[in-house]
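Written below as structure tokens is the structure these notes are about.
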């Protein structure tokens, strides 16, 4: 039986940063574009690119490094837009765990990772810092990295600042400890990448679906842009509408995660060319991409002007770190104004 319904698979259970997708649905923005969307949740986040690439699902969300690796492994997907730009990603741990800013302090520790590429990243870093993969114990945690740290199942684990780190900070607050005891060894700094773009969360499409339905994809992105604009213009009102639809997120932790995600939302939705070049090179360095791999992204389905890329990405990252720390302390919704 055929259907005009477009299937869209999230990268995880509904989270604060999924708000533009659900508001585009609940506020009727998809309907305005003549689209009938089915928003789906994965039981296993690692299945997302395979399900989309095999054509079982039309569209979805995935991080940049996974999107690149998917196509290299024979799952034809293409990024058509960005949702969350360069969230800080790294090895999270708690002060007092015996781990310090020295990467070698991870020797003998249990380190959690989401999926196989997380382990590949850690293994590559161990070589860079004079260690071997056998010097630590790898534990696959899925999306439960913060939970496993709190429960003592792992000593550290890969997570992102606006999600798992906030979860650790909330745990610390309940223990009467300072939130600053939640620490992160940022992978972009450890690996000398110059950006956290490998974990940029993207809107991706099955290539055959994209080829056959270019206008539907353009309309989808128009609806997403309208929802994103709405979120950025009035984040508090947008959140109230979101939790009315997703009451499970009506809690302090989710709200604080949303505040920390706010600065990372891509306002233009554009794929950033420089980021794709860097992460494609990183993927080749990790040997998950062949030497001749061509990046699988396009901006041709975005029907508004492309913004200029920041002139100094390293300075932008430095300023974002200061901005996010201020957001943690003050609990406000602010966007970072970058110098030209």
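Each residue, glycine too, has its Cβ placed from N, Cα and C.
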What range among 190-194, 195-199, 200-204, 205-209 does Swiss-Prot describe as motif 'CCCFC'?
195-199
For residue 116 (pyridoxal 5'-phosphate binding site): DSSP state (helix, strand, coil):
helix
Inter-residue C-alpha distance, residue 118 (pyridoxal 5'-phosphate binding site) and residue 62 (N6-(pyridoxal phosphate)lysine) (nearest angstrom):
14
Hey, what's the Cβ neighbour count for residue 115 (pyridoxal 5'-phosphate binding site) at 10 Å?
20
Between residue 115 (pyridoxal 5'-phosphate binding site) and residue 62 (N6-(pyridoxal phosphate)lysine), what C-alpha distance do you get in Å?
12
Starting from the Cβ of residue 117 (pyridoxal 5'-phosphate binding site), draw a 10 Å sphere and report how many other Cβ atoms land inside it.
20
